[in-house]
Amino acid sequence: MHVAHSCLLGLVLLTSLTHEVPTEESSGSPSKHLVNETRHHGSAHHLETDSRVLRVSSGRTQDEAVLHNSGNHESAHQPKNISEVAIVSFKWDHVQEPYVIVLWIFVAGMSKLVLELNHHVTSVIPESGLLILIGFVLGGIVWGADKAQTFTLTPTVFFFYLLPQIILDAGYFMPNKLFFSNMGAILIYAVIGTCWNAGAVGLSLWGCYEGGAMGNLDIGLLQFLLFGSLISAVDPVAVIAVFEEVHVNEVLFILVFGESLLNDGVTVVLYNVFDSFVSLGGPNIDAVEIIRGIISFFVVAFGGALVGVLFAVLLSLITRYTKNIQIIEAGFIFVLGYLSYLTAEMLSLSAILSITFCGVCCQKYINANMDERSVTTVRYVMKVFANGSETMIFVFLGVTAIDKAIWVWNTGFILLTLFFVLLYRFIGVFVLTWILNKNRLVPIELIDQVVMSYGGLRGAVAYGLAVMLDDKKITEKNLMISTTLIVIYFTVILQGVTMKPLVQWLKVKRAAETEIKLVEKVNNRAFDHILCAVEDICGRIGDKWWTRGWKRFERNYISWLLMKPKPRKSKDQLFGIFHKLNLEDAMNYITEGERRGSLAFLKKEDDVQVDFKKKFGTDVEDMMPDIMVDTEHSGTDHVPVISFMRDPVPSVSLDMHEQDLQGMRGGVDAHHLLQEHLYRSRKHHRHKYSRSNFSINQSEDEVQEIFQRTMRSRLESFKSTKMGVAPGKVITKHPQKERQQKVRGHPKNFLVFYLSATGKNPKSHCVKNKEFQIYLESPWSFVKSFKSNVFNFFLCLYHTSYRNVISLQMANGKPTDRSRSHPYGDEDFEFSASASASDSASGGEGATAGGYSFRTPYTVGAGIENPAFMPEMDTPPPMHAPPWLNQPETDGTVVASQRAQRRLPWTPSQIRRLAPLRVSTRSEDSFVMADILSPDVDPEDPQPRQDRSHK
Amino acid sequence: MGSRASSLLREEDIEEIKKETGFSHSQITRLYSRFHSLDKGENGALSREDFQRIPELAINPLGDRIINAFFPEGEDQVNFRGFMRTLAHFRPVEDNEKNKHLDASEPLNSRSNKLLFAFRLYDLDRDDKISRDELLQVLRMMVGVNISDEQLGSIADRTIQEADTNGDMCISFSEFIKVLEKVDVEQKMSIRFLH
């Protein structure tokens, strides 16, 4: 039925478009008819039974229809006597309201799209300004059609439906560390600065008014103050839009951004206080009322923040237990965030501050608690909402302007307002900075102050507040609205455009380059340690004392309460960046591999393998399986191959290309290696932040470790009598290594089993795909092994630890608790699934399979090209044992290579072990395999096997 | 305690230290009382053991190196002057100092002196080069046990490669400065001393 319905509808529409449409009632409408409208007529024509359609839609644009919506609505829903069954009916009326809304959203989105088509324009004029300009055009069109502005930004829509998600987004993505370390300055700017602006602007305007600068207006002192409070709302949306373009340094950015965010809340509070003063009327205000106003100011502001924090706690708690409803857990932040906004609004507390703090406080915990995919979802949805409503707001700010009704011109008032707004902004910032700089380690520089002052862009919040003014109390409401609009246009468009040249001209310190050098990283860490030590030596309770105290409290109590135990224990904070970087790298490798992928390369690799085979293929040893994994991976991965090649094994040819890749890899991975394993200094550095690299908690183990080490070395230097400074201590082997080795006894079996289990298909080429799977799966899964303190880094993507294998298999089979509960568990699942999918797809033809696998070598070896380090890597000094060679040792994954590593350098006899493995995987039904498999079969094992066979 | 300690400090000493290090009078007296409380031997100088008694330094991976930085080469004692001279490296650079000392000798808290301090932590043999081994030692101190020597070696290699411009596989001080030119050393190597 439905199908027929829609078919018919399509037909009707089609015919109505092609046929000439008889306009039944032209009704003198001025609108230029769009296709849409023709449709209305057409369909209406066909279905005359539904006459109400005509009444609503004919002769009007949809826009206009909204205006008249209310009038037509009642009649539209009158039951009608119908003489026949309507096949389809056209119910514009029915959908009108949401339809228009969605159309506007669409139009706003399209205008953004159009803007972004040309980057040259947006690099000169900030997007926000352009959107306002587009708004002018759209508003002009509507005006032309309706002779009135039917679409304006109403405070209700703005404060209830457009603003919350923007603020939530800002709070959620707030660089917490930076924000809180500059909290003092931000609060001072936001609270004192705003009050100063409001008061000074209001009073000055009043003074000028009394002085007769603006003619005859019906505005009293209180109204001026009220106006001053609303006009001092620095808009975070406009600020971000402009400052994101110019990339100023982080401290400056967070100051401006944080200020504008909190300032919004403060302004609204201030506005409400003054508003109640105005309602009270001048004569009734005495000292008590003023004190009440001040108290209410603080109660409202801090109460709002408190509500936000409470909701953040609730939210974090909820996400602790959303394991079983992962699919909707991402929604909670939006719901609860909005709820915090509404709750604060209900309690007449500051809703903006509430939702800000909700976002700021919950981000750490929910990111740790939720599944990684949910986190990604949240991030994206957040951005979609925020960006969307931001676009809407600016467009509507433009549209609103095209309305004769609101424009009241008073040159004195408008120009003076503009002047005072700018002037007091500068004065406020300079004075407050001067005070702040007395106590800042790094003073805020003069040019930064200039940019800060100049960055005081006004935006929709000011407009929303202006529209909310009660015209009964304030007779000059329209003047205020138009002044506000002028100020907004002036700041957003003019200041926005000039901001970039200004920043360039003043040579404001820009944001540091994102790519951090390894040497910088090392030294930064060293600096941290040094500062720490010096502070301790000076014996003072330093800047970091409170931070430290808070961190301890946070770690011991708050995290305990709000975070799932697993991410908490595994020091999840580091996972984020670590995982992300790995992900990025893997992506790069794959892309690069695809780009450069050629069968020729594959063949070369095969040659290498064949060499091994020829030479040592017949030997079978116990060790073999493990090494087998290693060599197998040389199909997908250069590393082992190269490591063999580095050793003087005559039969192996040296392939320069691989070495190049090798070099790059070392470079890329070294970052991660360090990232993970540099000792954290006790405190974190203030002005450095990374969105994903949260706080640095020093683990107890680490402290223990350093302590023992320090003591040991001191003891040693004691023993070896004082020979000055005793340098060059032998780097001690650590007990942990032995422990790891023990663990490593087993994994080989699992790996082998895994290979065989996955390699059900007896076709030989499948082996390659399996390898690929392992490779693909392991990088994601190896993150898991972190909690067992087994370290892994990207070089050894292809190695899978004992633990990993299990979890891998589970991931392949069904997502059990184990892999699920881990924040990144699902990633494995995803990856293995896709890998196996492609595997089975290519299962039939050797060609496709080959095609698939041939790029796998590249995925590992290729990657970010960094030729700078190639030459060195080619001829490493003997001491420079290539890390990839020994990688397996540390990550405790592949037994064989680990053992082999201890017997470095490799000798042909050791390599010999590798060969049989190769043979066995090629045909996994071979007895070799069977032998290996039989001994200890893990209870978990059958599962993946079954799963595989189903595929 | 504090007052007794500061009374041991002569005014002219304070003036000299002030001139040399740029610390204010109150900062000097404050630090002197700290110095005094660290000085268990009560002999007006600190030994390594005095430093090592500070509990937090035991868990600072670079603690011993930093302690060593306080001692002039070959000596086992550091007096208050030396103590202050070292600490002066960490005084934040103040605005009015930026241009003042153009012709005068460089203040101890200048960028290059801060960097030199860090550089010396690596450069044990004082040949003005950080060799691979020296870097490796520091890395080993700063890095957990889970990282293998070989991995660390590759990190050291890469670090050196990043900095090394003349290809001698060592980082000279000038290379060190150059490679860290983007780092805000003034800020990262400064702590606030109470006034």
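Even glycines carry a Cβ here, placed using N, Cα and C.
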* Asked: In TrEMBL, which of A:588-615, A:700-727, A:728-755, A:924-951 is tagged region 'Disordered'?
  -> A:924-951
* Asked: Among A:157-174, A:186-207, A:252-274, A:380-402, which stretch has the most Cβ pairs under 8 Å to the transmembrane segment (A:294-318)?
  -> A:252-274
* **Leading contact stretch, A:98-115, A:127-145, A:157-174, A:252-274, A:478-497 vs the transmembrane segment (A:325-341) - CB distance under 8 Å** => A:157-174
* Asked: Against which stretches of its own chain does the transmembrane segment (A:157-174) lie, if we need a Cβ under 8 Å and a gap of at least six residues from its ends?
  -> 236-237, 240, 257-258, 261, 264, 333-334, 337-338, 341, 351-352, 355-360, 362-363, 378-379, 382-383, 385-386, 389-390, 392-393, 460-461, 463-464, 691
* **Residues from the same chain, set at least six apart from the ends of the transmembrane segment (A:347-368), whose C-beta lies under 8 A from its own** => 159, 163-164, 167-174, 176, 179, 261-262, 264-266, 268-269, 272, 299-301, 303-309, 311-313, 315-316, 319, 332-333, 336-338, 340-341, 375, 378, 559, 562-564, 567-568, 572-573, 576, 694-695, 823
* Which one of these stretches, A:98-115, A:186-207, A:380-402, A:478-497, has the most C-beta pairs shorter than 8 Å to the transmembrane segment (A:127-145)? -> A:380-402
* Asked: For the transmembrane segment (A:252-274), which partner among A:98-115, A:186-207, A:380-402, A:478-497 gives the most CB pairs under 8 Å?
  -> A:186-207
